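> First the structure, which I've put down as structure tokens, then a few questions once you've had a look.
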2 protein chains.
Amino acid sequence: MNLDKKISMAVIRRLPRYYRYLSDLLKLGITRISSKELSSRMGITASQIRQDLNCFGGFGQQGYGYNVEYLYKEIGNILGVNEAFKIIIIGAGNMGQALANYTNFEKRGFKLIGIFDINPNLIGKKIRDVEIMHLDSLDRFVAENQVDIAILCVPYENTPAVADKVARLGVKGLWNFSPMDLKLPYDVIIENVHLSDSLMVLGYRLNEMRKSQRNKS
Amino acid sequence: MNLDKKISMAVIRRLPRYYRYLSDLLKLGITRISSKELSSRMGITASQIRQDLNCFGGFGQQGYGYNVEYLYKEIGNILGVNEAFKIIIIGAGNMGQALANYTNFEKRGFKLIGIFDINPNLIGKKIRDVEIMHLDSLDRFVAENQVDIAILCVPYENTPAVADKVARLGVKGLWNFSPMDLKLPYDVIIENVHLSDSLMVLGYRLNEMRKSQRNKS
């Protein structure tokens, strides 16, 4: 693996997609695949695939293509699916609870170890054996447990302050569900999930399709 | 507005982001802004901003910048926030319920009018005054109501069949939460939300940051 070269975010963002497609191929019993065929399944060019995978050392053989299981495992390793990242959820409202119940993350190497809220009606309840604790006990919890990632499902107004607190406690990964581009003046990695943005893009594209259909008729 | 030119998906995907930043500026009482200042807030170049907005006719004035409220309203119109898209949710599990409870979508022009599931324990219950109906009544519901968008929160294995059914009934917009790139042989617009992908990218970036910190020390 090439550790010297900085890999672009565009390439990194495609890795989980490769991982998904390879997982599907494995389920279908497909053991090897050419970059051309993978290309037509994924809707990206074969040269893009070769270029992407070359960032991590290649994995393909001229005339053979890719060994699906090998490539799946290697991309899994690159993504850290065997790392068992420890995650906590802050905010056990609707979205926090939905994510806490989402077992798919565990298959990808993310283990939920704590849930925090300030609502007294929620404290002490369990979601899939993980207790909802009061936010006041976050400091101690983070001091006593390795916490890699905090999922922020708190109200919009509270997000910056909660994020700041979590980052000061030393949690290095933040997954933010508030509709804002969270920024912090520390060495932390932040991924913002913008659900409303995605829905608005869908609405826009729907309108455009309807307009173009009206123009045709 | 330029209706002839095809606008790239990259530009379209930035529109909700402009909309968010302009909304924040309005809340801060800022009435006008230069592309340079907007650029530094958003972390994209000023020339990119001018280029993006020019796709829709400009909106800026040399030496004045952008009128925040006007630009906010115009981008809102382009995105269709006043369209009142009618949406239904299929699958009232954790994620479906979380989305049904998410009032933010309504502020952006999306109105939830129906929820569907096959679980007898859920049928008849209400989420924010919207009843959960049996999936068997979907045909009639879509025939009797304008449904613009269906949010698919069904199990992975069932997603393609449910999506196919919904599209055949004439729903033109699909918002898919299953970790797959849903494709359909009809004129439908599909937006796939890949939560696991985002989390995996976060895990990857976290690992890379740690590696580089270890290498430095």
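Glycine too: its Cβ is placed from the backbone N, Cα and C atoms.
Take a look at what TrEMBL says about it:
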- A:17-56: DNA-binding region (DNA_BIND)
- A:GLY91, A:ALA92, A:GLY93, A:ASN94, A:MET95, A:GLY96: NAD(+) binding site (BINDING)
- A:80-181: domain 'CoA-binding' (DOMAIN)
> Near chain B, which of the binding-site residues A:GLY91, A:ALA92, A:MET95 can you find when the cut-off is a Cβ distance under 8 Å?
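Answer, by Cβ distance to chain B: A:MET95.
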> Enumerate same-chain residues with a sequence separation of six or more from A:MET95 (NAD(+) binding site) and a Cβ-Cβ distance below 8 A; give 'none' if the list is empty.
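The answer is A:CYS153, A:PHE177.
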> For the domain 'CoA-binding' (A:80-181), what is the mean per-residue pLDDT, to the nearest integer?
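Summing pLDDT over the domain 'CoA-binding' (A:80-181) and dividing by its length gives 95.
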> Counting across all protein chains present, how many other Cβ atoms fall within 10 Å of the Cβ of A:GLY96 (NAD(+) binding site)?
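Looking across every protein chain shown, the total is 24.
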> Neighbour count, 10 Å Cβ-Cβ cut-off, for A:GLY91 (NAD(+) binding site): what number do you get?
27
> What same-chain residues, at least 6 away in sequence, bring their CB to under 8 Å of the CB of A:ASN94 (NAD(+) binding site)?
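When sequence neighbours closer than 6 are ignored, A:ASN94 (NAD(+) binding site) has nothing within Cβ distance under 8 Å.
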> Per DSSP, how many helix, strand and coil residues does the domain 'CoA-binding' (A:80-181) have?
34 helix, 29 strand, 39 coil
> Take the DNA-binding region (A:17-56) and count its residues per DSSP category (helix H/G/I, strand E/B, coil), listing them in that order.
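Output for the DNA-binding region (A:17-56) reads 28 helix, 2 strand, 10 coil.
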> Using a Cβ cut-off under 8 Å and a sequence separation of 6 or more, which residues in the same chain sit near A:GLY93 (NAD(+) binding site)?
A:ASP117, A:CYS153
